[in-house]
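Asker: Attaching a single structure in structure tokens format; questions to follow.
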């Protein structure tokens, strides 16, 4: 499964390069992201529990007031009859609202990376404002056991379990700039490989290459970071097409290869490209052939001999700068 955590790792690699610092390791990013997501999911549950406790406390307060009123009336009647004062009453115990305690963040290991793969996912939306209190609390309670803390205490901890085996996938990393006014995306770089790679290695290499070495664009600068979004597409289910149009818009990406005038050409479009551009299958093929370097007329594409098409599917995830920055700020607070 391509996940926002994979995109977060791409952001971590790019930001670290532009900010001249050491990046977090792949395994660290995945584990930190998982715990960050768990904390954010636990926050609504905690808030609901607190609201229920508060409501119970208010109801109990109302009951206590009624009991006090009845007891005061009884005392006055006794005084009228006997002229004696009653013993002072014990105050009724007020219920104290209970609060869920956030789980401690266990020490994250910086050993060999691991990942998983699944169906496409949509961009993750994380509200950093709604969870600051919970995240601050978790940060304070876990700073001594986070991956940032490697000191004399480490030898006292139990030996960690071996991380799961890292998966390998063909993959592409895409950088887009996002308009602050319209929200429209513009391609800023996209590079990938059709050879299966371990995700920690493949994501790092292609995130850097897409940012700095896509010949269609100038290298990404540090000032552009707040405008970026990152997408990761893991490729799967490669199948040779029976003809050039034997694939489905919105489902398949296509990779073409052909020879013309003693030159060899090849190029690819990921599954979402044709739909985003509003192209038909034929328009997609022509555009892809021209992307590969073919200079023929659009109506002549069928005359090209030996045009081979391989269709494939992609599992995509995306993440915006604001969501990554919210996670990274939380991770930084673990140091304190």
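Even glycines carry a Cβ here, placed using N, Cα and C.
What TrEMBL says about a protein is an automatic prediction, not a curated fact.
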Asker: With the ranges 146-169, 170-193 to choose from, which does TrEMBL describe as region 'Disordered'?
Answerer: 146-169
Asker: Given the model, what does the mean pLDDT over the domain 'AMMECR1' (129-328) come out as?
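Answerer: It averages 87.
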